[in-house]
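Visitor: Structure provided below as structure tokens; questions to follow.
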Amino acid sequence: MEAMAPRTLLLLLAAALAPTQTRAGSHSLRYFYTAVSRPGLGEPRFIAVGYVDDTEFVRFDSDAENPRMEPRARWMEREGPEYWEQQTRIAKEWEQIYRVDLRTLRGYYNQSEGGSHTIQEMYGCDVGSDGSLLRGYRQDAYDGRDYIALNEDLKTWTAADFAAQITRNKWERARYAERLRAYLEGTCVEWLSRYLELGKETLLRSDPPEAHVTLHPRPEGDVTLRCWALGFYPADITLTWQLNGEDLTQDMELVETRPAGDGTFQKWASVVVPLGKEQNYTCRVEHEGLPKPLSQRWEPSPSTDSNMETTVIYVILGAVAMIGAVAIIGAMVAVVRRRKRNTGGKGGDYAPAPGRDSSQSSDVSLPDCKA
């Protein structure tokens, strides 16, 4: 099996978590682990990344020249040498655990040694505005598919297939869920509080979005209105198109919130509307950095009006040209068919193309909880 890039795997894990984003006013501590085997190229690569809310704050990469847990946010540079030594030790323990797990799972699935395989893990906790635990989680995947997950009760596991059932049985005998629950309810919450205090100038800020609407003509004659929200933090935001005050959630195209690369985020939502009816549609923007929701409409400029008239003319001319082309092609086909009937000729056959079908916690990285 071809290995996916570690960054892609981390993004997949993040995407898998997207439907369960934290509530407004809450905060999260999450770790994403990825191990990729590479036969013939040395030991598996192991990457660990930690996030507080939507901000990456630590990273470990076994392929680095000097593999160590390193700060990824400036406020984490306040931690002393003991912290980084302990976090590096924990990351290296996980690296060894995953080397064993890759071999173990390859055996569970009866896979050859020649292929490359991946293990992914995400674990962490969400806390409310009062600092109490809202949710704890651990999810594991193998070769991009669900493998095993801790249930919401923090006591039981859901195994995706026969191999994961073996792991579940091992973890149940080791009472691993009890220790993991203790970490999620205690250590995870405590360290999240510490990180929020260290990075409060960054993590607890609220940057309101800058919003505007753009218009994009379509060949069909109608137009797309796209509502943009830029430069906001935190990432939680709601964009809703409305027609005369009624939500159009079923008719919208909505992209996932994306990092802008400067510590803020961006997002857009679009809707297709009849030409000339643009002013009936409004985009509602809700974000904790706004004192009240924004309502945005497309605001045409004089040059835009001229461009729209030109667009309408082009659309009409294009339609006329298309009709004319269809008529010409139809006439040519008719002539060819008459000639074939007169000459008794047959068209050539063709074959269609075939289808393509650590937090700082030692109680989580326990060696007796391998797969």
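Placement of Cβ uses the backbone N, Cα and C atoms for every residue, glycine included.
Quick paste of what Swiss-Prot says about this protein:
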- 25-114: region 'Alpha-1' (REGION)
- 209-295: domain 'Ig-like C1-type' (DOMAIN)
- 312-336: transmembrane segment (TRANSMEM)
- 337-371: topological domain 'Cytoplasmic' (TOPO_DOM)
- 342-371: region 'Disordered' (REGION)
- S362: phosphoserine (MOD_RES)
- S365: phosphoserine (MOD_RES)
Visitor: If you average pLDDT over the domain 'Ig-like C1-type' (209-295), what do you get?
Guide: 94
Visitor: Run through the domain 'Ig-like C1-type' (209-295) and tell me, per DSSP, how many residues are helix, strand and coil.
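Guide: Each residue of the domain 'Ig-like C1-type' (209-295) counted once, the result is 6 helix, 48 strand, 33 coil.
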